[in-house]
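Peer 1: Quick one: this structure, given as structure tokens, is what I'll be asking you about.
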Amino acid sequence: MFMNCRRVKKWHFLQLLSMCCVMSVLMVCWEHVDHHVVSHVKSYSYRYLINSYDFINKSLSVSPEEAARFGSFPYLLDRRDVCKNKDVLLLLFVKSSPGNFKRRQAIRSTWGNESYISQELGVVVKVVFAMGVRPDRSGHKTMQRELRKEHMAHHDLIQQDFLDTFHNLTVKLLLQFRWTHENCAHAHFLMSADDDVFIHVPNLVHYLQELKSQNVRNLWVGHVHRGAPPVRKRDSKYYMPFDMYQWSSYPDYTAGAGYVVSGDVAAKIYQATQSLNASMYIDDVFMGICAIAAGVSPQEHVYFSGEGKTPYHPCIYEKMITSHGHEGDIRYLWKAATGPQVEGISSGLLGKLYCAAVKMTLLCKPYFTNTYSCMAAFT
């Protein structure tokens, strides 16, 4: 009896000690916890209103003349006949910057190689690079001369006369949808991707061919962010002033690193941009605002990555669509992801069990990775 009482007292003491430790950590880190947890809980509870009603669009609506001011920059480099007289399955816009020549070359020789896509996959995919002008005006003339040479060699640069900076990403989005509307409106699908994104084009083409055969409409697919709160810290790259966006939650949107819309959605988004305030410089969020106006909701695809780089493994390559953060290894990954070692790796019962175990190990982490979710391990 005496021993039992001692055990009970010891257990209560340990509980009290643990609670004190937890409370101490919370008190020290409360500001951090409040920002990253409480704000997310608060914004997620608010997202239903944002996604269900149009008051957000009314607050950001502008006249057609005002909207045109954001997307009326003159073209410096262009090629209007890219899609002419072609049955284009996919128009793929790569968001690049003037100085990223090596990235563009890597893309042209791997997943963006139109000849490979036509010969090996039997479809027409047109790849073009969207950009503004170099912010540093001191080297502007030299850079433009190099870009003209590049364009003469490859005929795939779409450049407008705006400063190519983070705060002009929405202007680059407007460029993409305007150019599509004017020059490639008949494309079945439109994709927007960063120039440090790896795209497994064979997997993407097979996926889109299946959707095309089903005559899918109202498609906007990618890695979906739901209930994300605006960042109010001034020192953040993603800082959002209250006077620009006063709501507690952003509308649902896909990660701007890579997403796909069907042709009808591309047309609707373009129309939405004609009456919305594009000074919202976070292009992913602006896309979500346009989608509300267009009556379109984003769809999650577990093999579109967020901001993170996906694990390297044949079991991942077999179904991957995009992976983000590849500045110098695109050629290596292309060779690895499309090589013979990937084909049939999950065939048969043992193959399925093996790849399921591998993907669970690589993807099901107890912390946030911003790449494929754990759900991808079970598909």
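Backbone N, Cα and C define each Cβ position, glycine as well.
Swiss-Prot lists these features:
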- 1-12: topological domain 'Cytoplasmic' (TOPO_DOM)
- 13-30: transmembrane segment (TRANSMEM)
- 31-379: topological domain 'Lumenal' (TOPO_DOM)
- N57: N-linked glycosylation site (CARBOHYD)
- N113: N-linked glycosylation site (CARBOHYD)
- N168: N-linked glycosylation site (CARBOHYD)
- N277: N-linked glycosylation site (CARBOHYD)
Peer 1: May I ask you to report the DSSP-based helix, strand or coil state of N277 (N-linked glycosylation site)?
Peer 2: coil
Peer 1: Which chain-mates of N168 (N-linked glycosylation site) that are at least 6 residues away have a CB under 8 A from its CB, listed by sequence?
Peer 2: G132, F162, Y281
Peer 1: Which residues in the same chain, at least 6 apart in sequence, have a Cβ under 8 Å from the Cβ of N113 (N-linked glycosylation site)?
Peer 2: none
Peer 1: When the pLDDT values for the topological domain 'Lumenal' (31-379) are averaged, what is the result?
Peer 2: 91
Peer 1: Using a Cβ cut-off under 8 Å and a sequence separation of 6 or more, which residues in the same chain sit near N277 (N-linked glycosylation site)?
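Peer 2: Within the chain, N277 (N-linked glycosylation site) has Cβ neighbours under 8 Å at L60, S61, V62, E66, A67.
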Peer 1: Three states by DSSP: which one describes N113 (N-linked glycosylation site)?
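Peer 2: Its secondary structure by DSSP: coil.
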